[in-house]
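Q: Here it is: the structure, laid out below.
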Amino acid sequence: MDTENQTGVSEFLLSGFSEDPELQPLLFVLFLSMYLVSVLGNLLIILTVTSDSRLHTPMYYFLSHLSFSDICVNSSVVPKVLVNIQTASRAITYAGCITQMFFSSAFVCLDNLLLSVMAYDRFVAICHPLHYTIMMNKPLCGLLVLVSWIASVLVCLLHSLMVLRLSFCRHTEIAHFFCELTEVLKSACSDALSNYVTLYSAVGLLAVVPLFGIIFSYSKIISSTLKMSSVEGRYKAFSTCGSHLTVICLFYGTGLGVYLSSAFSSSSSMETVASVIYSVVIPMLNPFIYSLRNRDMKGALRKLFSRSFFSL
(Lines of atoms letter the chains of each structure in order from A; the text may use other names.)
(Lines give C-alpha, C1' and ligand atoms only; values in the text may rest on other atoms or scores of the structure.)
Protein backbone atom coordinates (compact mmCIF):
# COMPACT_ATOMS: atom_id res chain seq x y z
CA MET A 1 0.00 0.00 0.00
CA ASP A 2 1.48 3.35 -0.96
CA THR A 3 2.08 6.26 1.37
CA GLU A 4 -0.78 8.38 0.10
CA ASN A 5 -3.37 5.60 0.62
CA GLN A 6 -2.13 4.92 4.14
CA THR A 7 -2.24 8.53 5.29
CA GLY A 8 -4.78 10.16 2.99
CA VAL A 9 -2.27 12.87 2.13
CA SER A 10 0.90 13.11 0.04
CA GLU A 11 2.04 16.47 1.38
CA PHE A 12 1.48 18.95 4.21
CA LEU A 13 1.23 22.73 4.24
CA LEU A 14 3.39 24.58 6.75
CA SER A 15 1.89 27.76 8.16
CA GLY A 16 5.29 29.47 8.21
CA PHE A 17 5.73 32.91 9.69
CA SER A 18 3.87 35.36 7.49
CA GLU A 19 2.18 35.43 4.11
CA ASP A 20 3.01 39.11 3.62
CA PRO A 21 5.10 39.26 0.39
CA GLU A 22 7.02 42.29 1.64
CA LEU A 23 8.33 40.34 4.65
CA GLN A 24 9.59 37.35 2.67
CA PRO A 25 12.95 38.89 1.57
CA LEU A 26 13.61 40.01 5.14
CA LEU A 27 12.81 36.56 6.53
CA PHE A 28 14.99 34.92 3.88
CA VAL A 29 18.00 37.12 4.65
CA LEU A 30 17.46 36.74 8.41
CA PHE A 31 17.30 32.94 8.37
CA LEU A 32 20.10 32.58 5.83
CA SER A 33 22.35 34.82 7.95
CA MET A 34 21.60 32.91 11.14
CA TYR A 35 22.15 29.60 9.39
CA LEU A 36 25.52 30.60 7.93
CA VAL A 37 26.71 32.08 11.23
CA SER A 38 25.61 28.95 13.09
CA VAL A 39 27.25 26.47 10.70
CA LEU A 40 30.50 28.42 10.34
CA GLY A 41 30.71 29.17 14.07
CA ASN A 42 30.16 25.57 15.13
CA LEU A 43 32.53 24.27 12.46
CA LEU A 44 35.13 26.67 13.82
CA ILE A 45 34.61 25.27 17.34
CA ILE A 46 35.08 21.69 16.06
CA LEU A 47 38.18 22.65 14.06
CA THR A 48 39.68 24.50 17.01
CA VAL A 49 39.11 21.63 19.45
CA THR A 50 40.53 19.02 17.10
CA SER A 51 43.59 21.08 16.08
CA ASP A 52 44.75 22.25 19.53
CA SER A 53 46.15 19.54 21.81
CA ARG A 54 45.47 21.68 24.89
CA LEU A 55 41.75 21.28 24.22
CA HIS A 56 41.85 17.48 24.07
CA THR A 57 39.99 17.21 27.36
CA PRO A 58 36.55 15.75 28.19
CA MET A 59 34.88 19.18 28.37
CA TYR A 60 35.95 20.19 24.86
CA TYR A 61 35.36 16.68 23.54
CA PHE A 62 31.72 17.00 24.58
CA LEU A 63 31.62 20.56 23.25
CA SER A 64 32.74 19.42 19.79
CA HIS A 65 29.90 16.87 19.70
CA LEU A 66 27.46 19.55 20.86
CA SER A 67 28.64 21.82 18.03
CA PHE A 68 28.15 19.04 15.49
CA SER A 69 24.67 18.37 16.86
CA ASP A 70 23.84 22.09 16.63
CA ILE A 71 24.86 22.11 12.97
CA CYS A 72 22.56 19.15 12.35
CA VAL A 73 19.63 20.75 14.22
CA ASN A 74 19.94 23.85 12.07
CA SER A 75 20.44 21.88 8.86
CA SER A 76 17.33 19.78 9.47
CA VAL A 77 15.12 22.88 9.74
CA VAL A 78 16.48 26.03 8.10
CA PRO A 79 17.22 24.88 4.50
CA LYS A 80 13.57 23.88 3.97
CA VAL A 81 12.44 27.19 5.47
CA LEU A 82 14.67 29.03 2.99
CA VAL A 83 13.41 26.97 0.05
CA ASN A 84 9.78 27.62 0.95
CA ILE A 85 10.38 31.35 1.32
CA GLN A 86 12.28 31.54 -1.96
CA THR A 87 9.70 29.55 -3.94
CA ALA A 88 6.70 31.12 -2.17
CA SER A 89 5.53 27.61 -1.33
CA ARG A 90 4.38 26.24 2.00
CA ALA A 91 4.31 22.59 0.92
CA ILE A 92 6.42 19.75 2.26
CA THR A 93 6.03 16.15 1.14
CA TYR A 94 4.82 13.51 3.57
CA ALA A 95 8.14 11.68 3.41
CA GLY A 96 10.03 14.96 3.75
CA CYS A 97 7.98 15.90 6.81
CA ILE A 98 8.59 12.59 8.56
CA THR A 99 12.31 12.81 7.75
CA GLN A 100 12.56 16.39 9.02
CA MET A 101 10.62 15.48 12.17
CA PHE A 102 12.97 12.58 12.91
CA PHE A 103 16.25 14.43 12.41
CA SER A 104 15.21 17.66 14.13
CA SER A 105 13.85 15.74 17.14
CA ALA A 106 16.86 13.41 17.32
CA PHE A 107 19.44 16.19 17.35
CA VAL A 108 17.50 18.34 19.81
CA CYS A 109 17.33 15.27 22.06
CA LEU A 110 21.07 14.75 21.56
CA ASP A 111 21.71 18.37 22.53
CA ASN A 112 19.78 17.81 25.71
CA LEU A 113 21.70 14.67 26.69
CA LEU A 114 25.08 16.21 25.84
CA LEU A 115 24.30 19.21 28.05
CA SER A 116 23.57 16.87 30.96
CA VAL A 117 26.81 14.96 30.30
CA MET A 118 28.71 18.26 30.27
CA ALA A 119 27.12 19.18 33.62
CA TYR A 120 28.34 15.88 35.07
CA ASP A 121 31.82 16.62 33.69
CA ARG A 122 31.88 20.02 35.44
CA PHE A 123 30.61 18.38 38.66
CA VAL A 124 33.48 15.88 38.67
CA ALA A 125 36.06 18.56 37.73
CA ILE A 126 35.08 20.93 40.55
CA CYS A 127 33.86 18.60 43.29
CA HIS A 128 36.37 15.77 42.74
CA PRO A 129 39.39 17.44 41.08
CA LEU A 130 41.93 14.88 42.33
CA HIS A 131 40.00 12.01 40.76
CA TYR A 132 38.96 13.86 37.58
CA THR A 133 41.37 12.18 35.15
CA ILE A 134 40.47 8.75 36.54
CA MET A 135 36.69 9.28 36.61
CA MET A 136 36.47 11.08 33.25
CA ASN A 137 38.71 8.73 31.28
CA LYS A 138 38.53 8.41 27.49
CA PRO A 139 36.52 5.15 27.39
CA LEU A 140 33.89 6.62 29.72
CA CYS A 141 33.66 9.86 27.72
CA GLY A 142 33.25 7.88 24.52
CA LEU A 143 30.62 5.69 26.14
CA LEU A 144 28.63 8.69 27.41
CA VAL A 145 28.55 10.22 23.93
CA LEU A 146 27.69 6.88 22.31
CA VAL A 147 24.81 6.27 24.72
CA SER A 148 23.52 9.81 24.07
CA TRP A 149 23.54 9.17 20.31
CA ILE A 150 21.89 5.76 20.56
CA ALA A 151 19.17 6.93 22.98
CA SER A 152 18.35 9.96 20.83
CA VAL A 153 18.14 7.98 17.59
CA LEU A 154 16.13 5.08 19.02
CA VAL A 155 13.58 7.24 20.83
CA CYS A 156 12.99 9.52 17.86
CA LEU A 157 12.89 6.56 15.48
CA LEU A 158 10.14 5.09 17.65
CA HIS A 159 8.17 8.36 17.47
CA SER A 160 8.58 8.49 13.69
CA LEU A 161 7.43 4.89 13.22
CA MET A 162 4.40 5.55 15.42
CA VAL A 163 3.51 8.62 13.34
CA LEU A 164 3.55 6.43 10.22
CA ARG A 165 0.58 4.52 11.71
CA LEU A 166 -1.55 7.68 11.89
CA SER A 167 -3.97 8.90 9.25
CA PHE A 168 -3.96 12.48 7.97
CA CYS A 169 -6.68 14.29 6.06
CA ARG A 170 -6.03 15.84 2.68
CA HIS A 171 -4.93 19.52 2.64
CA THR A 172 -3.59 19.19 6.16
CA GLU A 173 -1.92 22.35 7.48
CA ILE A 174 0.69 22.17 10.21
CA ALA A 175 0.65 25.30 12.37
CA HIS A 176 4.42 25.62 12.42
CA PHE A 177 7.38 26.58 10.24
CA PHE A 178 8.71 23.00 10.24
CA CYS A 179 7.44 19.51 11.02
CA GLU A 180 7.68 19.59 14.79
CA LEU A 181 6.48 16.37 16.40
CA THR A 182 3.71 17.78 18.59
CA GLU A 183 2.28 19.83 15.72
CA VAL A 184 2.28 16.80 13.42
CA LEU A 185 0.36 14.84 16.06
CA LYS A 186 -2.17 17.66 16.36
CA SER A 187 -2.77 17.44 12.61
CA ALA A 188 -3.63 13.73 12.63
CA CYS A 189 -7.18 12.66 11.83
CA SER A 190 -6.86 9.36 13.69
CA ASP A 191 -6.47 8.77 17.42
CA ALA A 192 -2.95 9.75 18.55
CA LEU A 193 -3.34 8.98 22.27
CA SER A 194 -0.59 6.32 22.25
CA ASN A 195 1.71 8.78 20.48
CA TYR A 196 1.14 11.42 23.15
CA VAL A 197 1.71 8.92 25.95
CA THR A 198 4.97 7.82 24.35
CA LEU A 199 5.99 11.43 23.68
CA TYR A 200 5.50 12.70 27.22
CA SER A 201 7.05 9.55 28.66
CA ALA A 202 10.11 10.21 26.52
CA VAL A 203 10.16 13.87 27.57
CA GLY A 204 10.08 12.76 31.19
CA LEU A 205 12.85 10.23 30.68
CA LEU A 206 15.17 12.16 28.34
CA ALA A 207 14.46 15.75 29.38
CA VAL A 208 13.15 15.96 32.94
CA VAL A 209 15.49 13.30 34.39
CA PRO A 210 18.62 14.90 32.84
CA LEU A 211 17.37 18.30 34.01
CA PHE A 212 17.24 17.05 37.60
CA GLY A 213 20.72 15.63 37.09
CA ILE A 214 21.92 19.05 35.95
CA ILE A 215 20.26 20.74 38.93
CA PHE A 216 21.89 18.23 41.30
CA SER A 217 25.30 18.71 39.66
CA TYR A 218 25.15 22.48 39.89
CA SER A 219 23.87 22.44 43.45
CA LYS A 220 26.97 20.43 44.38
CA ILE A 221 29.17 22.72 42.28
CA ILE A 222 27.84 25.85 43.98
CA SER A 223 28.21 24.27 47.41
CA SER A 224 31.81 23.22 46.72
CA THR A 225 32.68 26.58 45.18
CA LEU A 226 31.38 28.56 48.15
CA LYS A 227 33.55 26.46 50.46
CA MET A 228 36.71 27.46 48.57
CA SER A 229 38.92 29.85 50.56
CA SER A 230 40.58 31.31 47.47
CA VAL A 231 38.71 34.05 45.59
CA GLU A 232 40.67 33.18 42.46
CA GLY A 233 39.59 29.55 42.81
CA ARG A 234 35.96 30.56 43.09
CA TYR A 235 36.23 32.79 40.02
CA LYS A 236 37.89 30.04 37.98
CA ALA A 237 35.23 27.52 39.01
CA PHE A 238 32.34 29.82 38.12
CA SER A 239 33.99 30.94 34.86
CA THR A 240 34.32 27.35 33.64
CA CYS A 241 30.60 26.77 34.30
CA GLY A 242 29.22 30.14 33.21
CA SER A 243 29.02 29.37 29.49
CA HIS A 244 27.45 25.96 30.04
CA LEU A 245 24.92 27.30 32.52
CA THR A 246 23.91 30.08 30.10
CA VAL A 247 23.23 27.56 27.33
CA ILE A 248 21.30 25.29 29.71
CA CYS A 249 18.99 28.15 30.76
CA LEU A 250 18.31 29.11 27.15
CA PHE A 251 17.82 25.53 25.95
CA TYR A 252 15.59 24.26 28.75
CA GLY A 253 13.69 27.53 29.06
CA THR A 254 12.63 27.52 25.42
CA GLY A 255 12.36 23.73 25.09
CA LEU A 256 10.02 23.38 28.05
CA GLY A 257 8.12 26.41 26.79
CA VAL A 258 7.39 24.60 23.54
CA TYR A 259 5.92 21.53 25.21
CA LEU A 260 4.04 23.42 27.91
CA SER A 261 2.46 25.74 25.35
CA SER A 262 1.52 22.81 23.12
CA ALA A 263 -0.04 20.99 26.07
CA PHE A 264 -1.95 23.85 27.72
CA SER A 265 -2.48 26.49 25.04
CA SER A 266 -4.13 26.54 21.63
CA SER A 267 -2.06 29.54 20.52
CA SER A 268 0.92 28.62 18.35
CA SER A 269 2.64 32.04 18.26
CA MET A 270 4.59 31.60 21.52
CA GLU A 271 5.44 28.01 20.58
CA THR A 272 6.76 29.18 17.22
CA VAL A 273 8.94 31.83 18.86
CA ALA A 274 10.31 29.30 21.35
CA SER A 275 10.97 26.82 18.54
CA VAL A 276 12.90 29.43 16.55
CA ILE A 277 15.03 30.12 19.61
CA TYR A 278 15.96 26.51 20.42
CA SER A 279 16.26 25.26 16.82
CA VAL A 280 17.91 28.28 15.17
CA VAL A 281 19.04 30.96 17.61
CA ILE A 282 20.66 28.82 20.35
CA PRO A 283 22.79 26.80 17.89
CA MET A 284 23.94 30.13 16.44
CA LEU A 285 24.77 31.60 19.86
CA ASN A 286 26.59 28.57 21.30
CA PRO A 287 29.92 29.23 19.53
CA PHE A 288 29.93 32.82 20.82
CA ILE A 289 28.94 31.82 24.35
CA TYR A 290 31.59 29.12 24.61
CA SER A 291 34.38 31.06 22.89
CA LEU A 292 33.96 34.60 24.22
CA ARG A 293 33.63 33.49 27.85
CA ASN A 294 36.40 30.87 27.77
CA ARG A 295 40.06 31.84 28.04
CA ASP A 296 41.40 28.54 26.67
CA MET A 297 39.08 28.66 23.68
CA LYS A 298 39.97 32.27 22.90
CA GLY A 299 43.67 31.42 23.05
CA ALA A 300 43.20 28.42 20.76
CA LEU A 301 41.19 30.51 18.29
CA ARG A 302 43.90 33.19 18.18
CA LYS A 303 46.50 30.48 17.61
CA LEU A 304 44.42 28.93 14.83
CA PHE A 305 43.84 32.29 13.10
CA SER A 306 47.50 33.31 13.34
CA ARG A 307 48.62 29.94 11.95
CA SER A 308 46.13 30.24 9.08
CA PHE A 309 47.21 33.83 8.38
CA PHE A 310 50.92 33.04 8.22
CA SER A 311 50.34 29.98 6.05
CA LEU A 312 48.75 32.13 3.32
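Positions of Cβ are set from backbone N, Cα and C atoms, glycine also.
Take a look at what TrEMBL says about it:
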type	residues	note
TRANSMEM	26-47	transmembrane segment
DOMAIN	41-290	domain 'G-protein coupled receptors family 1 profile'
TRANSMEM	59-78	transmembrane segment
TRANSMEM	98-120	transmembrane segment
TRANSMEM	140-162	transmembrane segment
TRANSMEM	197-216	transmembrane segment
TRANSMEM	237-260	transmembrane segment
TRANSMEM	272-292	transmembrane segment
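Locate each feature and note its surroundings.
A: Listed as Cβ neighbours of the transmembrane segment (26-47) (distance under 8 Å, sequence separation of 6 or more from its ends, same chain) are residues 17-18, 63-64, 67-68, 70-71, 74-75, 78-79, 81-82, 85-86, 280-281, 283-284, 286-288, 290-291, 297, 301, 304.
Taking Cβ pairs closer than 8 Å, the transmembrane segment (140-162) reaches residues 58, 61-62, 65, 98, 101-102, 105-107, 109-110, 113-114, 117, 120, 181, 194-195, 198-199, 202, 206 in its own chain, all 6 or more past its ends.
Beyond the ends of the transmembrane segment (197-216), by six or more residues, the same chain brings 109, 112-113, 115-116, 119-120, 151-152, 155, 158-159, 162, 181-182, 185, 248, 252, 255-256, 259 to within a C-beta distance below 8 angstroms of the stretch.
Long-range contacts of the transmembrane segment (237-260) within its own chain (CB-CB distance under 8 A, at least 6 residues past either end) are made by residues 59, 108, 111-112, 115, 118-119, 122, 125-126, 180, 182, 203, 207, 211, 214, 218, 221, 224-225, 228, 270-271, 274-275, 277-278, 282, 285-286, 289-290, 293-295.
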Q: Quick test of the contact rule: Cβ under 8 Å, at least six residues beyond the ends. What residues does that give for the transmembrane segment (272-292)?
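A: Distal contacts: 17, 31, 34-35, 37-38, 41-42, 44-45, 63, 66-67, 70-71, 73-74, 77-78, 104, 108, 176-178, 180, 243, 246-247, 250-251, 254-255, 257-258, 261, 298, 301.
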Q: For the domain 'G-protein coupled receptors family 1 profile' (41-290), would you mind checking the mean pLDDT of the predicted model?
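A: A mean pLDDT of 87 is what the predicted model shows over the domain 'G-protein coupled receptors family 1 profile' (41-290).
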Q: Report, as numbers and ranges, which residues of the same chain sit near the transmembrane segment (59-78): CB under 8 Å and 6 or more residues beyond its ends.
A: 31, 34-35, 38-39, 42-43, 45-46, 49-50, 100, 103-104, 107-108, 110-111, 114-115, 117-118, 121-122, 125, 141, 144-145, 148, 177-178, 240, 279-280, 282-284, 286-287, 290, 296-297
